[in-house]
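Database features, via TrEMBL:
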DOMAIN    67-284  domain 'Radical SAM core'
BINDING   CYS82, CYS86, CYS89  [4Fe-4S] cluster binding site
Amino acid sequence: MREALLYRQEGGGQVVCALCAHRCRIAEGKAGRCGVRVNRAGRLYSLADDRVVSAQIDPIEKKPLFHFLPGSRSLSIATVGCNFHCLNCQNHAISQWPREHPGEALPGQSLSPRQIVSLAQAQGCASISYTYTEPTVYFELALEVARLARQGGIANLFVTNGYMTAQALEEIHPYLDAANVDLKGFDDRRYRQLCGGSLQPVLDSIRRMRELGVWVEVTTLVIPGHNDSPEELREIARFLNGVGAEVPWHLSAFYPTYRLTDRPRTPVENLHQARRIGRDEGLRYVYVGNVPGDAGEDTYCYRCDTRLIDRWGFHIQQNLLQKGTCPTCEAKIDGVFYRDL
Ligand code: SF4
């Protein structure tokens, strides 16, 4: 446990956390919505700071990040806790652990930031991903690891719901190389119903990250009957195009999980239609996810349509890029394709 960053004290022993857009006002002895930040005697503490529940090596394509050091390994870490409560969370066992075990000590092992960076180096990882749950809620740990990782030549990646405040982003961005932001739809009411957060802060974070020079890719899980209307998908595509046509958009297939079991799996044809919408709206790179072997997993040159990176699931079968350039028409493909960090 350590004292939290980014909070202010208020009268009556209350504190207000400024890490994410919930801006929880927390009374003494209580925790914020994420369940891992608590008010003890008028000060805010992070309980998650040294409680790492996951530290495993993933292909970077699993984040998914397709335009950042493709084919590289990423040490992927998490603590329990999340500021969202998504009905379809795939990692609910850890993300919702504090809500489902109130008052219990958090699980996880005590790994120091130096140990985490050393592990990444020893395993030949090009990056550390802060993922599985929401990195914003274990911000102090992520920030310290990220600083050390940067010194050690390791990149830092957030896989995030984008709900952090501008202040949080201001603190972390000097060390943050890339992010995949989950954009769960474009309807604020349904956003709140699905995950307990609102839309606008997520849109703001996507814009802000881009402005701060972080490489950003966006994922939308296409849920039948929830966010899969052509109108809503078009709104998302237009927003992304306004941020930058080069922002890759990953359209992932939903399957029933956790508390969202009354919807069917996403038909592949719906993903293909969504991909067409994204491309029609001018996005250069639109991907289909969770459908291994689909041609929509591959990277194509936005100018001449040469297939540049051939993927099967998270694995790269062929990469024709030459220092980030299309071998056919010499277009510079957007992203970070080799180590020039
Ligand atoms: S990080 Fe946690 S405590 Fe802080 S505002 Fe978000 S949900 Fe509330």
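Including glycine, each Cβ sits where the backbone N, Cα and C put it.
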Most Cβ neighbours inside 10 Å, all chains, among the binding-site residues CYS82, CYS86, CYS89 | CYS82
Average the per-residue pLDDT over the domain 'Radical SAM core' (67-284) and send me the rounded value.
-> 97
